[in-house]
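Here the structure is laid out as structure tokens; the discussion comes afterwards.
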Amino acid sequence: MEPESGIGSSTSPCQFSLVTLSRNLLLAYQSFGVVYGDLSTSPLYVYSSAFSGKLRNHHNQEAVYGAFSLIFWTLTFVPLIKYVIIVMSADDSGEGGTFALYSLLCRHAKLSLLPNQQAADEELSSYRYGPSSAQAASSSALRRFLEKHKRLRTALLLVVLFGACMLIGDGVLTSAISVLSSVSGIQSTESKLTNAELLLLACIILVGLFALQHCGTHRFFRETGKDGWLSLGGILLSITGTEAMFADLGHFTALSIRLAFVFVIYPCLVVQYMGQAAFLSMNLDSFSNSFYASIPEPFFWPVFVVATLAAIVGSQAVITATFSIVKQCHALGCFPRVKVVHTSKHIYGQIYIPEINWILMVLTLAVTIGFQDTTLIGNAYGLACMTVMFITTFLMGLVIVFVWQRNFFLATFFLLFFWLIEGTYLSAALMKVPQGGWLPLALSVIFMLIMYIWHYGTRRKYNYDLHNKVSLKWVLGLGPSLGIVRVPGIGLIYSELTTGVPSIFSHFVTNLPAFHKVLVFVCVKSVPVPYVSPDERFLIGRVCPRPYRMYRCIVRYGYKDIQRDDGDFENLLVQSVAEFIQMEAVEPHYSSSETSPSVDGRMAVISTRDIRSSMTLTVTEQDFVSVSGSSSKSITLQSLRSMYEDDTPSIRRRQVRFQLPPNPRMDPVVREELMDLIRAKEAGVAYIMGHSYVKARRNSSFIKKLAIDIGYSFLRKNCRGPSVALNIPHISLIEVGMIYYV
């Protein structure tokens, strides 16, 4: 993991130990397929795409040598210098990609649009800055300018999301062009297939791919002129997949990816393109299928099999990255809730999203059947990839200023140098919009519309809660009983607010005949870091004075964290509240004042790595068996015998009980509160949520009504419910209906 301070940061001597080097060499070998699968399959279609269209009139040796020169310098400047040397030094705790850069910027400048982020970020170790860094950032006029104008921060988020949408488009186009290009080699053999048969074979491979998811340059231009400039749309395909080096950084290390590229991938690609150029210079009629035509006949079928497998592996890597992007968009509140399946018990972060997988499959098949031409697909693919690189360069310029604290002119030089190269390619790719380049733009508009509508509706709903919070004086006026019967048990009230009492609480009090003895306002928040340590997962505080038995818990997750349904949430929450009660007795500044309880008390980070690590409570565990579909109670020996005789499905469960250890020096008031907490846990835990309906106000504009009443409502009805996404047991769920007029 590279430090945030930039390229010149000091490196620990132990990094170059034999064990570390062996590990990085192994990771470098593993990265060949995962990281470089897309980049390494580019030779299948680069020359054929570059010399299509108007450049067909320039099939000569001078043009071939010029094209190879362009490919060589493009590979040198963009993947090698920009990404391997510079961009990969800007990792976010070992994570890469556009979201990692945006996360770094949000942590070093107040650029985030996530609601009430400061309360959720309290005392998070990932937010520690050095004194010099903070002083330099505070004196930055550019930083203050961006923080002052919300529209600029919104524009920055839109740029990041646009890059994410283009990457989703890559997930569609990579599979289509890679597989179609690999199988097109069969047409180079004597037993040629028709175009329809070739298309059918490509579609079969694509369906199988998605079904298995759950498991001398100026002389060039002097010769070709404007036609040579337009051919840059094909040349840039030689660097497609470069963004994967940075995006897949979290699964490997920067050193391993650098070793693989510098010593294997880069020289192999240069030699391969050089070999194709030499072959084409002597065979000027083989541009349409130069890769397979240059292979000696005895080696054709082995190379064909390897190329097809490489295309599948490269496509699978991009599809997996698309799943990760969708999850990160959801963490930013910009994508509807979807089902996330963990595909590996051993490798953290490998996920599969069924809905997105089948959408990608349908879109990929539609592109393959609709275009049936790698040149047209290449035009779309090149535009998508170059747009993402252009955005990465922009974000990297901001990172150089805000995160690395380097000179503003250095960042300007970085932007101008690489924007000059990428802008040239991007301008050529934009000229191909009528010839297939419109596709990634259309896909991006659709996905951006979905993201914007979801983000807009979510923020409107949050703002309603924020401006209609229940007055704490009203709650205190009800008294510790809240004006109703307080029954044994724990009530977990879910809300988006990190401070104050949500408006839906008054609906609970007025509609429910009784309420639980212990109430905890739970808020699940995503913070702009990749992962949150379990030791910092829970923030605990007190909402009202001690007799009310009302607490607040903020559960924090990073944008790449996975919310696992391991059954320990209730126990960890009880343990965290107990630890807070004990901490509060030792350090009273964590609680709200008894004489002036008008605001929430200060919240404390409670370590919750393991329920057996509690310093306040004694934990005992007991395994018992329950019949599938029955309540979670122990069963008798007779029913157990009949269960085995009737082959009734059973589930082995674990019951955790808390006890208060003997401690004569403990404050009696604290002991009483802890005993109330333990008894409430034994009585049972209920999850209380609002079943909300969001509608636009009657005086709203037509566009707002269209976005809220139709768009947002459609997305909410067809996405996963909040209780399912939060792994809340249905049998313990209580929902109270509420209409939001936003």
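Cβ from N, Cα, C; glycine included.
Any TrEMBL annotation is an automated prediction that lacks curation.
What TrEMBL records for 63-85 (among others) is transmembrane segment.
Sequence annotations record features per position, and here TrEMBL assigns transmembrane segment to 152-173 (among others). Away from its own ends, the transmembrane segment (152-173) comes close to residues 98-99, 102, 105, 111-113, 145-146, 243, 247, 318-319, 321-322, 325-326, 328-329, 332, 334, 360, 363-364, 367, 377, 380-381, 384-385, 387-388, 391-392, 394-395, 439-440, 443-444, 447-448, 451 of its chain (Cβ-Cβ under 8 Å, at least six residues beyond either end).
Annotation source TrEMBL lists transmembrane segment at 193-212 (among others). Only residues 6 or more beyond the boundaries of the transmembrane segment (193-212), in the same chain, are considered here, and those with a CB under 8 A from a CB of the stretch are 175-176, 179-180, 183-184, 186-187, 308, 312, 315-316, 319, 357-358, 360-361, 364-365, 368-369, 372.
Annotation comment: TrEMBL describes 219-475 as domain 'K+ potassium transporter integral membrane'.
Among the features that TrEMBL reports, transmembrane segment is placed at 259-279 (among others).
Among the features that TrEMBL reports, transmembrane segment is placed at 299-326 (among others).
Per TrEMBL, the feature transmembrane segment maps to 347-369 (among others).
Here TrEMBL flags 381-403 (among others) as transmembrane segment.
The transmembrane segment annotation in TrEMBL covers 408-431 (among others).
Residues or ranges marked as transmembrane segment by TrEMBL: 437-454 (among others). Tertiary proximity for the transmembrane segment (437-454) is limited to same-chain residues at least six positions away from its ends with a CB under 8 Å from its CB atoms, namely 158, 161-162, 165-166, 168-169, 172-173, 233, 329, 333-336, 363, 367, 379-384, 387, 429-431, 707, 711-712, 715.
The transmembrane segment annotation in TrEMBL covers 474-494 (among others). For the transmembrane segment (474-494), the list of distant contacts is 501-502, 505-506, 508-509, 512-524, 544-545, 547-549, 570, 573-574, 597, 677, 679-681, 683-690, 722, 726: same-chain residues at least six beyond its ends, Cβ to Cβ under 8 Å.
Summarising the annotation, TrEMBL assigns domain 'K+ potassium transporter C-terminal' to 488-740.
Here the transmembrane segment (259-279) has Cβ contacts under 8 Å with residues 24-25, 28-29, 31-32, 35-36, 39-40, 42-43, 46-47, 64-65, 67-68, 71-72, 75, 79-80, 84, 238, 245, 286, 290-291, 293-294 of the same chain, all six or more residues outside its ends. Long-range contacts of the transmembrane segment (347-369) within its own chain (CB-CB distance under 8 A, at least 6 residues past either end) are made by residues 171-173, 175-176, 179-180, 199, 202-203, 206-207, 210, 213-214, 250-251, 319-320, 322-324, 326-327, 338-341, 377, 380, 439, 443, 560, 562.
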